[in-house]
Every structure is written in C-alpha cells, then in structure tokens.
Amino acid sequence: MKIYNTLSGKLEEFVPLEDGKVKMYVCGITPQSEPHIGHAMSYINFDVIRRYLSYKGYRVKYIQNFTDIDDKIIAKANAQGIEPSTLAERNIGVFLDAMAALNITPADYYPRATQEVPKIIEMVSGLIEKGYAYEAGGSVYLRVQKVEGYGKLSHRTLEQMMAGARIEPGEEKEYPMDFALWKATKPGEPSWESPWGLGRPGWHIECSAMSLRYLGEQIDIHGGGQDLIFPHHENEIAQSECFSGVKPFVKYWLHNGLLKLGEEKMSKSLGNLVTIKEALSRYSADALRIFVLSSSYRNPLTYSEEALEAAEKGAERLRQTAARQDNPRLQEINVDVKTYRERFTQYMDNDFNTSAALATIFDLGRELNRIEAEGGKSTQGQELFKELAGILGLSLIIAEPTTSADAAPFIDMLIELRKDLRLAKQYQLADKIRTSLDAAGILLEDSAGGTIWKIKTK
C-alpha cells in the first residue's frame, strides 16, 4: 500500500512503526461555532482511511483533539456573555452529533486542550531546559533558528517564511518567526498557573502534548487540512522533536484538500459556511460521503447543489441495490467477486483512491441489478457489495421506512394477490394494489423471476 507523504512530497510504501498497529492523530476543530461541511469533508476522508486500515488488518488507535481555548472562542464567548468553556462544550456537542449523523467512527479519545495543561507545561519547561525556548514578558517562545530542519514539512526556508512575518504589538520575540508555546494572561481571559505566571497554552503546543500523552513520542499518521501544513504542523514537528529528541515525530503526514464555495475556501473567517446540520436537512449522509469520496482526498472540492443532487441520486441507486430482499425462488448467478474485491483493494492501496473504489461499487451494483432484472440473484455479490460500501462508510439504509419487518408477510400476500389478478386480467384491481403499496412507501419491481418489493426512501 502506497500513501502520499507531505513530508517527502511523494508516494511511499506504508510500513507502520510497529507491525500490525497504526497510531493516528487527526487535528480536530476549534469549537467556536457549529461545524460546517468543510469539516465533514476532512473527517469523512480520514474516517475512510481509518476504516480501510482496519479492513487491511491493522489495529488503529485514533486520536482527535478539540482546541477548546482560543482567541476566537474567547471573543465569541465574551460577545455572548458566557464562559468560553460553555461555548466550546456546546459546539463540541453539536459536532459529535454531526459526526454520528455522518456515520463517522468515533475517535478512541477526544482530548481537550484545557484538560491537558499539566502536560503542556511539562513540555514547555522541558524545551526551556534544553535551550530551545525562552520566557519573555510572561510568555514563552520557541527559537526556530535553533531547530534543525525547520521548514521541512512546508518545504520553505526561514527567509521565505520571513517575507510574511510580523511581530504583534506587545510581543518580545528574539526573532520574528519564533512562536508562542505559552501566552501571558490578558484581562478577561481564562488562565492557568505556570512557572512563568498566569497564562494559557499556545495553539501548536496543544497538539504536541496531546499526541505525546495518548500516542507516545512517535506516531504513524498525522492528518489534517492542507491549510494546517504551515504554521501548525510545521511547528508541531519542531517542538515535538526538540522535546523528545526522537525523529521523526510523525512518519507519514496526510493532508486533505479544502472545500470551496465558488472560488473561495469555505471558512469561518470568510463567513461563507454551510453547516453540516443545514446540509443534512437537504441531503443524506450517504450523499455527502459520495460527494466527498468522488474526488481524491488531496484534491480541493467545490461545493455545489448540482453535485450534491447527483450524489443523492447515486446514493439512492446504491440503497435500492442494498435493500434487495433475498428471494429463494430466484436462480443463483455467479458474480466474479474476487475480481471486484481485487479492483477495490488495488485502488485503495494507491493512496486511498476513493473515486475509483466508489466506481467499483457502482459497477458491482449495476451487475447485481442486471442479474435481478434477468430473474436471478447473487448472494455472494450482494454480500460483497455491502461489505465494500461499509469500508467507505456508506450505511445505505433506507431512511424513515413507512413499514416494518412485521408487515412483510402481508406485503408478500398482496403481491401474490396482484399476481393472481393479473393472470385473471383484472388489471385495474392489480394496479390498485400497486398504487396503494406505493402510497404506503413500498416500491414494486417486476422482473422475469417475479415481483420483489423495496422500501422507498423519503
């Protein structure tokens, strides 16, 4: 299996640090507001990567943090007259509900920055002791000029970084690119006791401390959006490797493309958000997955109603195939399940090519539909179809059924009655049965092998 490593800028063979195990850390949200579909894009992609690694037999330990203290959280909380922790926890709850609605596998741990302050202080103290960091005015900064290979992830030199650097008023840095590990307290902000006085953690050190606590000094995969490569992930490498002395901090860096609305990135700062809640009120979770997975995780994706409507139609086709009832009277037809599985695996082994893997599922679905139309069935094909869809996180569950399994015998009886009426050329009565079942949310499909029924989606 080959994956693209941002650090090397090329495809590399995936070999975990420990045989059979994968330690995976994905940067989580800053819960200043409701999650948007840009978040959905990122976490759907990493959910599929995690699911596929599990399918390949790896035991995956997956950590995803919450940056629950931040300048923007503080500003929004102050504007609403509430505590920053209240705002953060409210939005974390909304986020977790959204992830469940999207069928995203929960992380093994969701550490919060505010709960990891002792570990953060330990790391900052260690970096000062080793000469990599210094205190100034109650804040602590990392000396980037002392960091060997600083810029290796973003492939930039310090001179290139300096072009856009500036020192904020009140900062007392030795060098403009030095970044804050600990921020001195300001009036009206949450703060914690530290050896340097009251303050709060810097953004970058939070993830280093949490990954160190839950995954150790080295991890296999670190994921996040491409907008995090610099400065966030670059700075994570610097402080983690300087603190532990172990290199590399991360073996494989994976970054997903960003979601655009027109020509602009979808983001809170631009105010052009579509929340996950809004999207799910119009489209199914399966449709959102198909929309995201129809492109490489590394590519940018443009949000459009047309693309999501097309994805919904595709999801509906897959749901109808998955909902097919087993009919023992139909002839078993062979499907080359080995070839379909090999195709799927070959594509996913090539840097998680979900677009081609998804196309394989649609191809298998079309073959199953053709077999059914010709009066046959393929039990193995149907099982593989559901298995591969599950690896991509597609639930393919008919939404809000208007019937239950208890009604199945009654529906079967009506289908037999309709068959007898048609044989007796009582077409009007036969059609009335079809119409009545349709109104109740039951779709009838006639084929050479007989009539089958399916539950319609909403």
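Cβ atoms are placed via backbone N, Cα and C, with glycine included.
Residues or ranges marked as Zn(2+) binding site in Swiss-Prot: Cys27, Cys207, His232, Glu236. Sequence-distant contacts of Glu236 (Zn(2+) binding site), defined as residues of its own chain at least six apart whose C-beta falls under 8 angstroms from its C-beta, comprise His204, Cys207, Ser208, Ser211, His222, Phe249.
According to Swiss-Prot, the feature ATP binding site maps to Lys268.
Helix, strand and coil counts from DSSP across the motif ''HIGH' region' (29-39) read 3 helix, 1 strand, 7 coil. Summarising the annotation, Swiss-Prot assigns motif ''HIGH' region' to 29-39.
Residues or ranges marked as motif ''KMSKS' region' by Swiss-Prot: 265-269.
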Cβ within 8 Å of the mean position of the Cβ atoms of Cys27, Cys207, His232, Glu236: remaining residues of the chain near Zn(2+): Trp203, His204, Glu206, Ser208, His222, Gly224, Leu228, His233, Asn235
Intrachain residues whose Cβ lies under 8 Å of the motif ''HIGH' region' (29-39), provided they are six or more past its termini: 66-68, 70, 72-73, 76, 87-92, 94-95, 98, 225, 258-259, 265-268, 273-277, 279, 288, 303
DSSP three-state assignment (helix, strand or coil) for Cys27 (Zn(2+) binding site): coil
Neighbouring C-beta atoms (10 Å sphere around the C-beta of Cys207 (Zn(2+) binding site)): 27
Largest tally of Cβ atoms lying within 10 Å of a Cβ, found at which of the binding-site residues Cys27, His232: Cys27
